Amino acid sequence: MITGKARVAGVIGWPVGHSRSPRLHGFWLARHGIDGAYVPLAVAPEALERALAALPALGLAGVNVTVPHKEHALARMDALTERARRIGAVNTIVCQSDGRLLGDNTDGFGFLENLRQRRPDWRAGHGPAVVLGAGGAARAVCASLLEAGCPALTLVNRDQGRARALAEALAAWSPVPITLATWDEAPRTLGGAALLVNTTSLGMVGQPPLDLDLRGLAPSALVTDIVYAPLETPLLARARALGLATVDGLGMLLHQGRPGFEAWFGVAPEVDDALRAAVLGKP
């Protein structure tokens, strides 16, 4: 039951109706019997600055930030976590008691925690990683891998200028060697890889499949996709058919929500099969 003392958080985006975050946080609120609510907040780009400035006055505990606002929100924060600064985007905002806005980015955290939960024997230091894509998701994934001890990275992207910009941003704080490759060169980058990550939208419902020959991967390699609709993307299906270990992208969404929920509602939530089923809409 929600009372007049309820703590309220939400997700800001444009559009925001597709977000599964309300289902995720709603599950945790119900599980822990918390007097609180989590609501979708549709905020157009031109209204973002006003919306963020109003959060403390409205008494919100904080918000998640989704497309297209993650990078634009960064400049509107009063303080940033180190990982948000390194990634250059914000996906979690905490309204502090003094009215200041603290910006965080938990996407990389969610990515790593998903791998650790689904494949407990996996370690970032096991070997080089190949990351497909060079957008905002790739930036969070790469930063988290470097922080966790990945010994080398290869960025595969059609737009080499964008890949180069990402590599330079990462090199500003990490000494780990980073190699660039085009899509045509991608199969040749797989031989020594311990991890292959797709951060593009290829394979998502309504998008073309990701066409990549995976036979160059070592039998011990792990393949993961941040796409979770469908849960098993064509990339993961191809990897599984080759006998490779795979991890779907749903857990990244679930785990990235944990730090924000704990900051807003004072409870450290768990990610388990019941939560996965609830977010997927399964009975």
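Placed from the backbone N, Cα and C atoms, the Cβ positions cover glycine too.
From a predicted model like this one, the values you see are computed outputs, not experimental measurements.
What Swiss-Prot lists as shikimate binding site is S19, R20, S21, T66, N91, D107, Y228, and the listing cites sequence analysis. The active site, proton acceptor annotation in Swiss-Prot covers K70 and rests on sequence analysis. Here Swiss-Prot flags E82, G133, A134, G135, G136, A137, I226, G249 as NADP(+) binding site.
Shown on the structure are the features that Swiss-Prot records.
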| residue | record | DSSP class |
| --- | --- | --- |
| R20 | shikimate binding site | coil |
| T66 | shikimate binding site | coil |
| D107 | shikimate binding site | helix |
| A134 | NADP(+) binding site | coil |
| I226 | NADP(+) binding site | coil |
_Distance from G135 (NADP(+) binding site) back to S21 (shikimate binding site), taken between C-alpha atoms, in Å_ = 21
*Would you mind sorting out which of K70, E82, A134, G136, I226, G249 (the recorded positions) have a C-alpha within 10 A of the one on N91 (shikimate binding site)?*
K70
*Distance between Y228 (shikimate binding site) and G136 (NADP(+) binding site) at the Cα atoms, whole Å?*
17
*Please work out the number of neighbouring Cβ atoms within 10 Å of the Cβ of R20 (shikimate binding site), leaving out its own Cβ.*
18
*asked:* Cα-Cα, whole number of Å: A137 (NADP(+) binding site) versus S19 (shikimate binding site)?
replied: 16
_Residues near I226 (NADP(+) binding site) in space but at least six apart in sequence (CB under 8 A)_ = F111, A137, V141, V197, N198, T199, G249, M252
*For the recorded shikimate site, enumerate neighbouring residues of the same chain (Cβ within 8 Å of the Cβ centroid of S19, R20, S21, T66, N91, D107, Y228, site residues themselves excluded), in sequence order.*
V11, N64, L253, Q256, G257
*What span in Å does the NADP(+) site cover, taken as the longest CA to CA distance among E82, G133, A134, G135, G136, A137, I226, G249?*
24
*Quick one: give me the count of other CB atoms within 10 A of the CB of G135 (NADP(+) binding site).*
14
*When the number of other CB atoms within 10 A of each residue's CB is tallied over all shown chains, which of the binding-site residues S19, S21, T66, N91 has the maximum?*
N91
*Site extent for shikimate (largest Cα pair distance over S19, R20, S21, T66, N91, D107, Y228, Å)*: 18
*C-beta crowding around G249 (NADP(+) binding site), within 10 angstroms*: 25
*How big is the gap, in Å, between the Cα of A134 (NADP(+) binding site) and that of T66 (shikimate binding site), rounded to a whole number?*
18
*For A134 (NADP(+) binding site), what is the tally of other C-beta atoms lying within 10 angstroms of its C-beta?*
25
